C-alpha cells in the first residue's frame with residue numbers, strides 16, 4: 001500500500017488552449033496538513049476542482065491516485081464517497097434549517113416508509129459537535145442563530161459525517177475572529193491526530209505556518225516547490241509565491257500630509273433590528289489632505305457602520321454631519337457622496353462592489369457611465385479608452401475587458417472595484433477591508449496604489465482587521481471600541497499592543513497622541 005493517501009501527478013488543465021495548470025504534482029499523507037499557497041489566479045482553485053471532480057476525469061490530463069489506486073471520478077458525489085470533501089470559502093449551509101438538518105443534508109437518516117429519523121440525526125449531530133469540542137451547541141436551532149465561527153464548525157461536522165478522510169479547507173478563516181481562528185486551528189490539529197488529512201488554502205500565511213506540516217506553492221499554473229514547514233518561513237513562502245524577494249510587505253510612497261479637508265461630526269448609527277441601540281456613538285474626527293487614516297478595532301466595534309454612514313450606505317438610521325473643504329456636504333446616498341467627492345470600496349465586494357452579470361469593463365465604468373453619454377448614445381471608444389487605462393494602471397490581469405468579472409480572481413476583482421471608484425476622481429477614498437481575500441502580490445500593489453494616491457493629494461480612510469496592515473500603511477490610526485472613539489494616534493513607533501489596549505479600554509476619554517491634528 002502507498003504511503004500517500006493522495007497523489008496528483010502531472011495535472012494539466014486547459015481552457016481554450018490556455019493551460020491553467022501545467023504539470024502540477026501534489027501529495028498528501030494520512031494525518032498530514034498540506035498548505036496550498038499561491039497568488040490569486042495561480043491555479044489553486046482549479047486544482048481543487050480537478051481533485052473534487054467539478055472538472056470530471058477526462059477533462060484534464062495526468063493522474064490522481066487515491067490510496068494508491070487510480071481515481072477517475074465523474075462527479076462530486078463520487079469523490080465525497082471516496083472521502084474527499086471540500087469546505088468552500090462561501091459556506092453552503094441553509095440558514096433556516098437546523099444545525100442537524102444541515103449536517104445531514106443529502107444524507108438524511110430515514111425510518112421505514114421514508115420519514116425522516118430526526119431523533120437519530122439529532123443524536124449523531126450532537127456526537128459530531130462533541131467531537132469538535134462544542135458540546136453545548138443546540139443542534140435543533142436554525143444554523144443562522146450561530147456566528148461565522150460556529151457555522152464553520154458545522155461545515156466541518158458535515159464533512160466528517162460524510163466520512164471525510166481528506167478535508168480541503170478553502171480560505172476557512174476569512175470571516176472569523178481571532179479567537180474563532182484559534183479554535184479552528186486546534187480542531188485541525190485534533191483531526192490530524194485522528195488520521196484525517198487536510199489541504200489548507202489560505203492567504204493568511206501565519207495560519208499556514210501554525211497548522212501545516214508541508215507547504216506546496218504553485219505559481220502561474222506550475223508547481224514551484226513542496227517543502228516541510230520546519231524548513232520554511234513566511235518570507236520564503238512569499239518569495240516562492242511571487243517569484244521575487246519582497247523585502248518590504250508594506251511599501252511606502254513619499255507623500256505630504258497637508259491641511260484638514262474632511263471632517264466627520266458626531267456620527268451616530270442605530271442598529272437596524274433594534275433602533276434604540278447605538279452601533280456608533282457620537283464619533284468625530286478630522287482627515288488631512290494626502291493622509292492615510294487607518295481605522296482599527298475588534299470585530300463588531302462599529303468600524304464598517306461608521307464608514308458606511310460617511311458614504312450614505314448605512315441601511316439603518318444615522319445622524320451627524322460630513323464636511324469637505326470647510327463646507328457641509330450631502331452624503332445621504334452613495335450617489336450624492338460620489339458627486340461630492342467621497343467614494344467607498346465596500347467590505348463585501350461580491351455583494352456590494354461588483355455586478356456579476358456584467359463584464360470587467362462595464363463594472364469599471366459603471367459609476368461614471370453618464371460621462372460617456374450624449375443623451376442618445378454612449379461613446380464606446382472613449383469608454384474603452386478609460387477602461388484600458390485603468391486596467392493598465394491597476395495591473396489588472398484579464399485577457400479581455402469583455403470577459404465576465406466573475407472570471408477574475410478575487411484580487412483582480414478588487415482592483416476592478418478600485419478602478420471604478422478612482423474613475424470618479426475622489427478627494428476622499430474610503431477602503432473597507434481592501435485586501436480581504438487578496439493574495440500577497442495583489443496586496444503589495446494595493447498598498448503602492450494607496451501611497452501613490454496620497455502623493456496626489458487624495459485622502460484615504462482604511463478600515464482593516466489586520467493590525468499589521470493598519471500600522472504598515474497608515475499615517476494616523478483611529479481606534480473604535482463598542483461604537484466609540486477609543487484612540488487617535490499618530491503612527492510613529494505605534495505598536496499593536498497600544499492599539500489593542502485602546503480597543504479594549506472603556507475610558508470616556510480616548511487615548512490620543514495626535515492632538516496636533518485637530
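Every residue, even glycine, has its Cβ placed from backbone N, Cα and C.
Listed in Swiss-Prot for this protein:
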- 38, 39, 40, 41, 42, 43, 44, 45: ATP binding site (BINDING)
- 6-245: domain 'ABC transporter 1' (DOMAIN)
- 262-507: domain 'ABC transporter 2' (DOMAIN)
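Sequence features, as recorded in Swiss-Prot, placed on the structure.
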residue : record           : contacts (Cβ under 8 Å, 6+ apart)
38      : ATP binding site : 44, 217, 218, 219, 241, 439
39      : ATP binding site : 219, 241, 242, 409, 411, 439, 440, 441, 442
40      : ATP binding site : 409, 410, 411, 412, 438, 439, 442
41      : ATP binding site : 397, 408, 409, 411, 412
42      : ATP binding site : 218, 219, 220, 221, 241, 439
43      : ATP binding site : 20, 21, 24, 218, 220, 221, 222
45      : ATP binding site : 170
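Taking the mean position of the Cβ atoms of 38, 39, 40, 41, 42, 43, 44, 45 as the ATP site, the remaining same-chain residues with a Cβ inside 8 Å of that point are 46, 218, 409, 439. Take the CB of residue 44 (ATP binding site) and look out to 10 A: across all protein chains shown you find 25 other CB atoms.
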